[in-house]
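The next block holds one structure in the form of structure tokens; read it before the comments.
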Amino acid sequence: MEPLDYLAEERNKASFDVEEMKIVWAGSRHAYEMSDRMARLVASDPVFRKDNRTMLSRKDLLKDTLRKTAHAVKRTVELNLSEEESMTLWSYVDQPSYANLHWAMFIPAIEGQGTEEQKQKWLPMAYKMQIIGCYAQTELGHGSNVQGLETTATFDPETDEFVIHSPKLTSSKWWPGGLGKASTHAVVYARLRTNGQDYGVQAFIIQLRSLDDHSPLPGITVGDVGMKFGSGAYNSMDNGFLRFDHVRIPRNQMLMRVSQVTREGKYVRSDVPRQLLYGTMVSVRQIIVSESSCALSRAVCIATRYSAVRRQFGSQNGGPETQVINYKTQQSRLFPLLASAYAFRFAGEWLKWLYTDVTKRLKANDFSTLPEVHACTAGLKSITTSATADAIEECRKLCGGHGYLSCSGLPELFAVYIPNCTFEGDNIVLLLQVARILMKTVAQLASGKKPVGTTAYLGRVEHLMQCHCEVRRAEDWLKPSVILEAFEARAARMSVACAQTLSGFSNPEEGFADISSDLVEAAVAHCQLIIVSKFIEKLKQDIPGKGVKTQLENLCNVYALSLLHKHLGDFVSTGCITPEQGALVNEQLRSLYSLVRPNAVALVDAFNHTDHYLGSVLGRYDGNVYQKLYEEAWKSPLNDTDVPDGYREYIRPLLKQQIRTARL
């Protein structure tokens, strides 16, 4: 007997080729087929079960993570998976693990900052996981301010060694994933001191634990930082603390591609830019941007399917109630998030291309595009993670009371995602970095220097400061050129306004601090322009499949116009549009929501998430929500017995009046 599909009617409404949209979402047919294969491989393997994860104790959760990681490595070897397949498989295992940091930060740090000799020594062991590494930069007292790190690495010329030391409690390394219990080695960032001088923060490879029995080596104090937000969630990761007590390491364990210390203790700086020290962070940030669309798509998929299943009010003559997804209030909250998932996906694709391009250039000693990549990864990491974190919580609220249940999948998804707003750069600090680049770009316009890349629009600043929006009817807002110019004008005018204000300060740094809130808003406008422009560029490509391009055009318009509506104050106050034109934005959005509505379930189906990966009773593919909610309730440990533990000690005496109660 065929299982019931409670969402079949919704799927039949779709006016586009869902299979082709799956390919667009994945990036290519190859990526779609590979991703689909890995997702089903994980879903069918009992070792990768995760429905009980939120009920595990911290120790059991860590052990479960270690088991899954080892099993993932075993399956990778058995199936002879490529690096791409292996990474995809692990993403579907969907459980933060020390392996994430080993592959995404420890290895790239050595690849980017090590000499050829150092890479030949360390990378073969790391690739085979004969050593397990983490990335130890953040300290108890310093995170975003990397130059304020306090761990010291003092060169001893008599022994040709560095002495690694944690001079204060605040110099303790704090937060590195994988450090708490799993890692045997770390790339540690410490202040280089030689010949009585401090040469700033450098990277060192340091062994932390014995390769025989995993015990900490002499002089090293290491452990786990403790429970974190939520049940399950990021508690599967052993974020750690680390202190050094005059630990000695050979001189050649300083990563020396950028800077070297000679046998005599002389500090030598190479011609390679110091920005390479942050290359690993740039790499991780572009991955974070790509993953934001994945996390957001999961939340939106759950909320959309449940909104189509759930019915409330509106019954006529005893007939069915109204689907929640048909209410305009639900659509105006949900559909911009659906559009954002697609927008972030395409921005992530472009950022990956940009990062791949700069990596090739770096190998050829071409560092010209490094500042652009740094700015884009910083800004887009900030914008996409903040928006995604807020969107996951909004999706929980869109699911009403049932969204608060752990089995909805949304509480754990929120808890596991929100650290993205802080790690690899606090989001506000990152936006201020983008703002600095914008202010520098505006300042250089007077000298005739033409901006390039994502700031190229500032080269037309005279036009953008004076142009007037030509929208007269609501449908005029569907023109890509109109949308793009409005976003460019807003970003340009906000940046120029900040630059003009800064010019009035005798001390630029005091000025920067004083108007930092305005600078953050200017950076947000710039980054939102990037995402909108990349969505529009995507639509210029040849996109096959019946109705696929039309749906993407609708989503692009929803994304851009919902942003415009949300930030209407910016657009009106800077004179980019009039209040009347702003009112037409809202009118056009209502029309767009009507176009998205019949395709909504099919558009989230195009994400191709398995039920295992979603981990949500509310977001089930078949829509059989209520039966499964009831079954899930019986899995609660509290239902193992009819009478709870503690009844005789605490409830029965009350009921039998054996405890004297005060009169209220």
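Just so it is clear, glycine is given a Cβ too, placed from its N, Cα and C backbone atoms.
TrEMBL entries are annotated by machine, without manual review.
Given the structure is predicted, the values throughout are model-derived calculations rather than measurements.
If you look up TrEMBL, you'll see 17-132 marked as domain 'Acyl-coenzyme A oxidase N-terminal'.
Per TrEMBL, the feature domain 'Acyl-CoA oxidase/dehydrogenase middle' maps to 134-235.
If you look up TrEMBL, you'll see Thr138, Gly177 marked as FAD binding site. Cβ-based neighbour count (10 Å, all protein chains) for Gly177 (FAD binding site) stands at 25.
Feature annotation from TrEMBL assigns domain 'Acyl-CoA oxidase C-alpha1' to 278-439.
A sphere of 10 angstroms centred on the C-beta of Glu424 (active site, proton acceptor) encloses 24 other C-beta atoms. Per TrEMBL, active site, proton acceptor is recorded for Glu424.
According to TrEMBL, the domain 'Acyl-CoA oxidase C-terminal' annotation covers 480-656. If you take every residue in the domain 'Acyl-CoA oxidase C-terminal' (480-656) and average the pLDDT, you get 97.
Packing around Thr138 (FAD binding site) is summarised by its Cβ count: 20 other Cβ atoms lie within 10 angstroms of its Cβ, all protein chains included. Glu424 (active site, proton acceptor) sits 12 Å from Gly177 (FAD binding site), taking the C-alpha atoms as the reference points.
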